């Protein structure tokens, strides 16, 4: 019987526009396809698993002898953000999109926030995080006022220089914002965005922290935890689920740390799930339209993936997917509404398998629920029985 699932989310690595992408301004987007096309990178490990069988990729070939199961998944939820994507992977469909603020946050929200933190704020508009600290960083240093901004996603972001507003105080401000932002203004995430440096040379640090809404219903993580299984969160997973359904967690500063932490978790978890988010694709490269950086990050993951695969036992199942797109070749810097890849591998698989087009990310949750005999997850369809696993596993 399968005993462990290693679930890795390559944050923002979408594989082509969803049929309704035009409604989100994302017609023609294809994060992975465009990055591969522009850079000519090769991804031999994921090619071996069947990545090139999911969509046509210029320099990643289809593999008739793929050792993994492969397919792509559509997002059923109404959105294209991190919280929505991860919650759906865990079995929760978000039918009403989280609120967004293209004109900035309402006066009453900002006034309440300023009153609670005891100081004014700067910004209060949609902006790129790197651009707004360039624009307002110097004024922030002079005044001590935090920079509040949003994006096309449902986020309330607070940027502050670590020497002006210490991290613990910034995190406290985020907790205050999280308390205020409820009801009609229940944004998906409040995000701390600390930075360092001097005017003209500001750099965001790895001390970002996300303060998510609590999931509005049970996820497969809750079901696993209640049944006594380990749920080991790596990266920002604990934040995305507001700690719900998590038994152990480690926060990481970048993809490399996330991969290493996943490998270390494989020594700590005997029965249960390791759930990893690798954020650099999205945060460092996608939102900054850095195509070459995105390609290097994909290549680096592909080069380190064998370290994980070689540690897999017959009772382990590896699932690699994504939560949305963030096509760095588009003029915009926001997430894109795309299909996500699905790669599944176990040493106990006899051959590769085409898992086709899945109607929802929640198929991952349904599969995990079936493996551990929890649930059921009614929002998705398990693909466990479609996997060519050896008898008795």
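Just so you know, glycine gets a Cβ as well, placed from its N, Cα and C.
Within 185, 335, 378, the residue that Swiss-Prot lists together with 282, 287 for binding Mn(2+) 2 is 335. Ranking the binding-site residues 287, 324, 335 by C-beta neighbours within 10 Å puts 324 at the top. The Cβ of residue 282 (Mn(2+) 2 binding site) has 27 neighbouring Cβ atoms from other residues within 10 Å, across all protein chains displayed. Residue 287 (Mn(2+) 2 binding site) sits 13 Å from residue 324 (Mn(2+) 1 binding site), counting Cα to Cα. Remark: residue 323 (Mn(2+) 1 binding site) has 9, 11, 12, 82, 84, 85, 86, 89, 277, 340, 361 as non-local neighbours, by Cβ distance under 8 Å and separation of at least 6 in sequence. For the pair residue 324 (Mn(2+) 1 binding site) and residue 282 (Mn(2+) 2 binding site), the C-alpha distance works out to 9 angstrom.
Under the three-state DSSP scheme, residue 324 (Mn(2+) 1 binding site) falls in the coil class. Counting every protein chain shown, 25 other Cβ atoms lie within 10 Å of the Cβ of residue 11 (Mn(2+) 1 binding site).
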